[in-house]
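Listed in TrEMBL:
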ACT_SITE  Asp32  active site, proton acceptor
ACT_SITE  Asp172  active site, proton donor
BINDING   Ser7, His63, Gly139, Phe140, Gly141, Gly142, Asp172, Gly173, Gly174, Gly194, Ser195  substrate binding site
BINDING   His30, Asp32, His63, Asp172  divalent metal cation binding site
Amino acid sequence: MIKIAPSLLASDFTRLAEEVKTIDNADMLHLDIMDGHFVPNLTFGPGIISALRDKTDLVFDTHLMISNPEDYIEEYAEAGSDYITFHIEATNHSHRLIQRIKESGCKAGVSLNPGTSLKEIELILPDLDMVLIMSVNPGFGGQKYIPQITEKIARLNSMIEELNNDVAIAVDGGIKLHNVSEVIEAGADIIIAGSAIFGSENPYEMIKKFRAAGE
Ligand SMILES: O=C(CO)[C@@H](O)[C@H](O)COP(=O)(O)O
């Protein structure tokens, strides 16, 4: 079953609580944390996550696009995250970070920029709950899907099958109705989409269409 995770980045920040209600048929809420350092944009922090926590039952999927993620794990767990994902490019201590995320009561994910090889995560793959493949360069919504990423998803899918493990593949960036099937066929389990969902006339119906593409 494909999971749909609308990215809050594309919502109207003046009406967050109402925006979240428009997507209550999704599975997860994707929360992009940007620090203006690891990526050239700034978004929001744990205060917004805790403010939204009692507004929805969606699983909170926190994506740390920040330098020094080791300084913030517990804070984002306490704010109400269910998953915490950090970037492999942002730390020299990925295994320790995974352990800390799990100790904080969350599921652990790691994300890879488009130019980062899957080799970087080979040794930590058995310990992960999710791998988040960036299909655009992180920092901004509304960019175009990078076509080579489809092959990367398929290779990751084979690596996970070989391990015989339950690691979810999430794909993030530039996913629309016209290419969602390609991403799902390559092996994605979680579709993260911002502008295609929050930018549509009817986010609820758009989620239904995304879901149908995976059936
Ligand atoms: O993390 C990011 C971008 O850095 C994504 O989560 C975007 O928010 C996805 O937006 P669309 O490409 O779907 O508009």
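Glycine is treated like the rest: Cβ placed from N, Cα and C.
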Problem set entry | Those recorded positions of Asp32, Gly139, Gly174 having Cα within 10 angstroms of His63 (divalent metal cation binding site) | Asp32
Exercise. Counting distance between Cα atoms, which of the recorded positions His30, Asp32, Asp172 is nearest Gly139 (substrate binding site)?
Worked result: Asp32
Problem set entry | Helix, strand or coil at His30 (divalent metal cation binding site) [DSSP, three-state] | strand
Exercise. Of Ser7, Gly141, Gly174, Ser195, which binding-site residues come within 10 Å of His30 (divalent metal cation binding site), going by C-alpha to C-alpha distance?
Worked result: Ser7
Seminar exercise, completed: Students should find that the Cα atoms of Gly174 (substrate binding site) and Asp32 (active site, proton acceptor) sit apart, in Å rounded to an integer, by 15
For this session: Whole number in angstrom, please: the longest C-alpha to C-alpha distance across Ser7, His63, Gly139, Phe140, Gly141, Gly142, Asp172, Gly173, Gly174, Gly194, Ser195 for substrate.
Result: 17
For this session: Give me the non-local Cβ neighbours of Gly141 (substrate binding site): same chain, 6+ apart in sequence, Cβ-Cβ under 8 Å, ordered along the sequence.
Result: Ser7, Leu9, Ala10, Gly194, Ser195
For this session: Rounded to the nearest Å, what's the C-alpha distance separating the residue listed as 'active site, proton acceptor' and Asp172 (active site, proton donor)? Just drop the number here, would you?
Result: 11
For this session: Please state whether DSSP places Ser195 (substrate binding site) in a helix, a strand or coil.
Result: helix
Problem set entry | Candidate with the highest Cβ count within 10 Å, taken from the binding-site residues Ser7, Ser195 | Ser7
For this session: Within 10 Å of each Cβ, count the other Cβ atoms, then let me know which of the binding-site residues Gly139, Gly174 comes out lowest.
Result: Gly139
Problem set entry | Cβ neighbours within the same chain of the residue listed as 'active site, proton donor' - under 8 Å, at least six residues apart | Ser7, His30, His63, Ser111, Leu132, Ile133, Met134, Ser135, Val136, Ile192
